[in-house]
Amino acid sequence: MERLHWVQHRCRQLLARDSERGWYSTPNGLPTKSTQDAHSSPQRVSGKRRRVFARNGPHQQEYEAFSKGYKGNAIRTTKYSLLTFIPMNLFQQFHRAANLYFLFLALLNWVPVVEAFQKEITMIPLLVVLIVIAIKDALEDYRRYLSDKKVNNNVVQVFCGKQKAYIDKCWKDVRVGDFVRLSCNEIIPADMLLLYSSDPRGVCYIETANLDGETNLKQRQVVLDLPFQGGEITLENFHSRLECENPNNDLSRFRGYMEHPNGVRVGLHNNNLLLRSCTIRNTETVVGIVIYAGHETKAMMNNSGPRYKRSQLEKRLNTDVLWCVLLLIIMCLTAAVGHGLWLKNLKDPIFETDTETSPALAGFYVFWTMIIVLQVLIPISLYVSIEIVKLGQIYFIHNDLALYNEQLDSRIQCRALNITEDLGQIQYLFSDKTGTLTENKMVFRRCSIYGVEYPHKENAQRLEVYEAEETEAAGRSVTLKSGCSRKSLSCRSLSCNRSSVSLHTLTAESEDEDRLSNHIQPRTSAFCSRVAKEVVPDPELVRKLSWLCSPVKPLSDGSSGTPCSLELTYITDFFLALAICNSVVVSSPSQPRHVVPEARTPLKSLEEIKLMFQRFSFSPFSALSTPQLRGSPRSFTSRLFSRGKTGSFTFSPPPSSTTDGSETGQENNLESSTLRRKLDLPSREDGGGAGQTETETEDDVDDSKVDPDGFGEKVEDVSKEVDCESDTDDELLYEAESPDEAALVHAAQAYRCTLRGRSPESLLVDLPGIGSLAVQLLHILPFDSNRKRMSVVVRHPLSGQLVVYTKGADSVIMDLTETSKGAEQASEIYCHVREQTQKHLDSYAREGLRTLCIAKKVLEEEEYEVWLKRHLLAESSIENREELLLDSAERLETNLTLLGTTGILDRLQEEVPETIEALQRAGIKVWVLTGDKKETAINIAYACKLLRPGDELLTVTCGSKDACAALLQELKLEVQRGGDRLMEPSAAENRSESSSSSAADFILVIDGCTLDWALQEELKSDFLELSCRCKAVICCRSTPLQKSQVVRLVRDQLGAMTLAVGDGANDVSMIQVADVGIGISGQEGMQAVMSSDFAISRFKHLSKLLLVHGRWCYSRLANMILYFFYKNVMYVNLLFWYQFFCGFSGALMSNSWVLILFNLLFTSVPPIIYGVLERDVPADTLMELPELYRAAQTAKIYVPSMFWINILDAFYQSLVCFFMPYFALAGSDVGDLSFGSPINASALLIILLHQVIESHTLTWIHMLVLAVSAASYFGFVLLVSLFCVTCSPPLNPLGVETLQMSQPLFYIICTLTTATALLPRLLVRALHNTLNPASALTTAQMDKVDSERYCKRMQRWNQNHRVNRLPVSADNPGLERSIDTVVS
């Protein structure tokens, strides 16, 4: 209850105050938080909060009590120390079941009754694996140690309480509560709260490239309302305490407050926090207090290392290992039972046996002995080999030049090290649109203001010129025809010229553009390509804006071609919103980015401004008596920038767009004239009174065509002035956080509404005809995915009113615009503006343009104070701050006045259509999940060839769950009638799914609202069934949560292998849910990359990554695993067959050293080389014939049937390898080792040549490894035979191998055995390749031959008809480029 009274009293104080923004005073009579804390113990601190006091400050007792549990700033990323390395590394390695299994065998061999051979030999496999992995871990840890040592010994200036000055300290000595001073270009050592900046506006700039890869600068500001604001902070004047949330890994959130000794609280947020690893830029000095240090910093808490996922192949491998365990148990049981029966039936043995042990117990001992003898059946080296192979595969993927982006200086990143083979099994691909399929380089294309559409035809021609220049520079052209809007979308992109090269940022543009620069060392910013900056204004819009510059032209109702006052208000507010409703940082090549130019003298004198506003037909301009324009909140100038209340001026309907000459424009003309006659609107007289009612006549229209008083010359002068000023404006550099913001700011700059400077509390803006004005910035409500909009609260520089400018998605802005109440004329005009704007929005979407709506709202002072009270409470809260801030923003963004909309062009990335076509030919279904409008998504689908003119669109848009269910059932029936082609696997295999197929396919398009219904439990099965029957699915207006739900639905319900690709933070959930997540390092930061398994720079790289590397990795690993199982089972069976001739006693016919090293050393390297270098099909063939990717999936290389076929083949080969030498040496006097010698040699040759048969690629590396493996075996056994006497007791190998290898029978046995064992596999392989070649390969080869024949025929035809050649284009790419030029 006490807390409730305290909050109520605070609210009353806020309502009573006007100027103390952000201050919270403790009411008299109520205990302050500081007094409560002074008498409380540290144990009472909530588990969700952290309290910070200045180190060596006045609150020393509290500092000691609270900060003793906080971590220091020293970091340690190493796993081990010198003392803990051996025990910890062994502990971690024995977490693997295979290592525990072999440890158990080594210990078991020490039991005398079950001992199979020497105790030391049994430990060799385990020791080799443990030592190899330990050496690898030690090297990795040592590198981490060196890196930690370098970071911890960096030097930074820290305030010393004893010396009363800043002294140099190592990073590792910094503690929570320390004051740290940093200079420009220094790296931040810990998470600090910014308390001082040398910038007079209290801001600094940081670069977060070390944290998230983004190089655009981010602005941070000093904590507001500090008592010592403006002076450098010291311990003597800092008596405040801080309370904030506990350490977490959320880089975009920080919540807390600072409480001063007088009880005043100031809310803290993310803009006050300087994060560790970021770099100070363009700020001389900053001072902060350390909040989080060391491993509690956000950077360290986000350092999670490589991602780990279990691949489908690994899951299948574990199942087959269990089958091998079962096979091992069966063999051992057989031997145990056989030994028991052999002992039981043994009568009067001629050799020594243990007669005291019962047959049953002896069989039990033999069971464990055989476990030791047959231990190699479980492939311990397979797990190590798989890791080595995957590292080799990742190395080749990482260094593939085809996946390197020279423009961005970035290569593919492999963040998940163990799912490379999953790239070869993808069935569904889910893609974002913006930044993934498109460039995410926004170019202002056209706009609509006051219901009037300005097509910017010259701007469109400019873009075509840039595309032509780009095509000529690149030497190739790719132009896509949209089947919907018939607009050309270029795939080529322009980059921006940067002075520094970074892995994840844009680098230099073309050399031609560099030569055009006037600066010797140009500095540019993010999203500042030449094509985005040089916007050509629309002449009609320039003409209307020129009325602000003319002191003599009267305004009318708009009927005579001159803009009415309301329309001019809309236009001015529209461009002012474009200039200030953003978070753009302004700089210039010659000035640091934090420097903001002083406000220049307005272009016009005060009398000229008065005269200009008198032209707006207002009352006398007496209220504007001082040059401080923003200090007159109720001046008559406010009538220009108000919402158009009745009585302020006469309303005029907006003229419709007629500039493009289209039917839509004529229709709008008709509607506008009809509305004008219906309203019988008055026109203004010079006196500014009510005016008389006039009806528009044809004479008025004719008069409007005349150029009164040389107005055309005025427009030309204004255009020249725009061009002249643009030359100077080009010097401004804009650091934008998104390409949309940069495009809109450049568009406003083209119309001389230029953003020249920014500070936390004000903006410097040039307005056309007025000059530089300071705009008081009160609040920024940043964009978020829930609201889908951004707003700024400012005090208007001319009217002094409180105005909210909002920009956002049309789906939300149109719902938030007001329905005008009051005058019928105003209501009619607002409705007309909304209708026309909606038409333009739909038109822009059909052309594939990104649309944003611009709106405003004028606040009353009382309304603002009430909102401010709630908003400050939300800002200072720690719990539920995001929810409270969201609610506060939504309370403000209501009853907006719609100003207009923009159409921004986001061009396709290069080779996107070809990539999607190749993926579809490979049998991968491509789904597009985007937040854009339906029309935009469909247009992009046409442009990237996901949707073809012959395809049938199935649009699902419903308002209720029942309607959605009925529509899904209806569409299912329609698809069934059209042919059930995609649900039946057999049909999918038999029919050709080539993208050139003329058969119509179904494309499902569903919006976000309907998707909510479709994903519910009752309807998701119908939705999934319908989606599977369609060639592609487009989900528009989808939220990040819906994206992840769609991916999870397909992954779980269909059991399909899914891949998600995106470039923004809204794609993170989708990327994480998919089996394989791919992030694109594009224009929207690095959140998607940081959450992905693989990171690429362009969408086109997917084709090489999946079709080539994915197929190779899967084929290599699958065949290598099968080969490992085969060779282990084959060799173990040789020992098993021998037990039938030695009473199942566990005896060996081979040297125990050979037994252990055979699979561990002699035959382990060739399969690793195979797994890294094998290429069953060349890369060029895989890229030209994507059908081979689907053929590999259909062939099912690694399935249970293939596993058992290889096991049976191993059994056959082991029988041949054992019994051919047995029968060849039957009746001779050879001993055990002499009998085993040709068996081991034959087994080695069979296993090595078996791999040669299975290999499609044999390089000198393969041959060298095979030769070394064979030579190492024969060299080893010869050395043992020559020098070893007691190496393998009780057998003596001395002289055995030398004797055997000197006899011809040895080589005859090895040759016949090897040929007989391999002959069936060789015949089956040859027969299979002859009788059953890949159908996809045959079809594709035929298509290629037909295409080549067609090209040759056309070339001959062209030679015979040289005069009538057709120009080359995207529609006839096979034609030769014409020499004749076509002049248009």
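Numbers here mean position along the shown chain, with the first residue as 1.
Glycine is no exception: its Cβ is also placed from the backbone N, Cα and C atoms.
What you are looking at is a predicted structure, and each value in this text was computed from that prediction instead of being measured.
Under the heading region 'Disordered', TrEMBL lists 26-50 (among others).
According to TrEMBL, the compositional bias 'Polar residues' annotation covers 26-44.
Note on the domain 'P-type ATPase N-terminal' (62-122): DSSP counts are 34 helix, 0 strand, 27 coil. What TrEMBL lists as domain 'P-type ATPase N-terminal' is 62-122.
Per TrEMBL, transmembrane segment is recorded for 98-117 (among others). Beyond the ends of the transmembrane segment (98-117), by six or more residues, the same chain brings 123, 125-126, 129-130, 365, 368-369, 371-373, 375, 378, 380, 383, 1146, 1148, 1152, 1155, 1288 to within a C-beta distance below 8 angstroms of the stretch.
Summarising the annotation, TrEMBL assigns transmembrane segment to 123-139 (among others).
Residues annotated as transmembrane segment in TrEMBL: 321-342 (among others). Long-range contacts of the transmembrane segment (321-342) within the same chain, counting only residues at least 6 positions beyond its ends with a Cβ under 8 Å from a Cβ of the stretch, are 359-360, 362-364, 366-368, 370-371, 374, 377-379, 1125, 1128-1129, 1132, 1136, 1139-1140, 1143-1146, 1203, 1207.
The transmembrane segment annotation in TrEMBL covers 362-384 (among others).
What TrEMBL records for D432, T434, D1063, D1067 is Mg(2+) binding site.
For D432 (Mg(2+) binding site), other Cβ atoms within 10 Å of its Cβ number 31. Taken from TrEMBL, the feature active site, 4-aspartylphosphate intermediate covers D432.
Taken from TrEMBL, the feature ATP binding site applies to D432, K433, T434, E741, F783, K807, R850, T930, G931, D932, R1037, K1043, N1066, D1067. All protein chains included, R1037 (ATP binding site) registers 21 other Cβ atoms within 10 Å of its own Cβ.
For 645-727 (among others), the entry in TrEMBL reads region 'Disordered'.
The domain 'P-type ATPase C-terminal' annotation in TrEMBL covers 1089-1333.
Among the features that TrEMBL reports, transmembrane segment is placed at 1121-1141 (among others).
Taken from TrEMBL, the feature transmembrane segment covers 1153-1173 (among others). Within the chain carrying the transmembrane segment (1153-1173), a Cβ under 8 angstroms from the stretch's Cβ atoms is held by residues 117, 121-122, 124-125, 128, 373, 376, 379, 381, 385-386, 388-389, 392-393, 396, 1116-1117, 1119-1120, 1123-1124, 1127-1128, 1131, 1135, 1240, 1243-1244, 1247-1248, 1251, 1255, 1257, 1259, 1261-1262, 1265-1266, 1268-1269, 1272-1273, 1276-1277, 1280, 1287-1288, all 6 or more beyond its ends.
Residues or ranges marked as transmembrane segment in TrEMBL: 1203-1223 (among others).
Residues 1123, 1126-1127, 1130-1131, 1134, 1148-1151, 1154, 1158, 1162-1163, 1166-1167, 1170, 1213-1214, 1217-1218, 1220-1222, 1224-1225, 1266, 1269-1270, 1273-1274, 1277, 1296-1297, 1300-1301, 1306, 1309-1310, 1313-1314, 1317-1318, 1321-1322, 1325 of the same chain lie 6+ residues outside the transmembrane segment (1235-1253) yet bring a C-beta within less than 8 angstroms of a C-beta in it. The transmembrane segment annotation in TrEMBL covers 1235-1253 (among others).
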Intrachain neighbours beyond the transmembrane segment (1260-1285), with Cβ under 8 angstroms and 6 or more residues off its ends: 1151, 1153-1154, 1157-1158, 1161-1163, 1165-1166, 1169-1170, 1173, 1237, 1240-1241, 1244-1245, 1248, 1251-1252, 1292-1298, 1301
Spatially closest candidate among D432, T434, D1063, D1067, the listed binding-site residues, to R850 (ATP binding site) (Cα to Cα): T434
Rounded inter-Cα distance in Å - D1067 (Mg(2+) binding site), G931 (ATP binding site): 11
Alpha-carbon distance [D432 (Mg(2+) binding site); R1037 (ATP binding site)] in Å: 11
Cβ neighbours of G931 (ATP binding site) where a neighbour is any other Cβ within 10 Å: 24
Other CB atoms within 10 A, centred on F783 (ATP binding site): 20
Rounded Cα-Cα span from T434 (Mg(2+) binding site) to G931 (ATP binding site), Å: 9
Pairwise CA distance, F783 (ATP binding site) versus D432 (Mg(2+) binding site), rounded so that it is a whole Å: 19
All-chain count of other Cβ atoms within 10 Å of D1067 (Mg(2+) binding site): 31
Pairwise CA distance, D432 (Mg(2+) binding site) versus N1066 (ATP binding site), rounded so that it is a whole Å: 9
Integer Cα-Cα distance in angstrom, T434 (Mg(2+) binding site) to N1066 (ATP binding site): 11
Site extent for ATP, whole Å (max Cα pair distance, D432, K433, T434, E741, F783, K807, R850, T930, G931, D932, R1037, K1043, N1066, D1067): 25
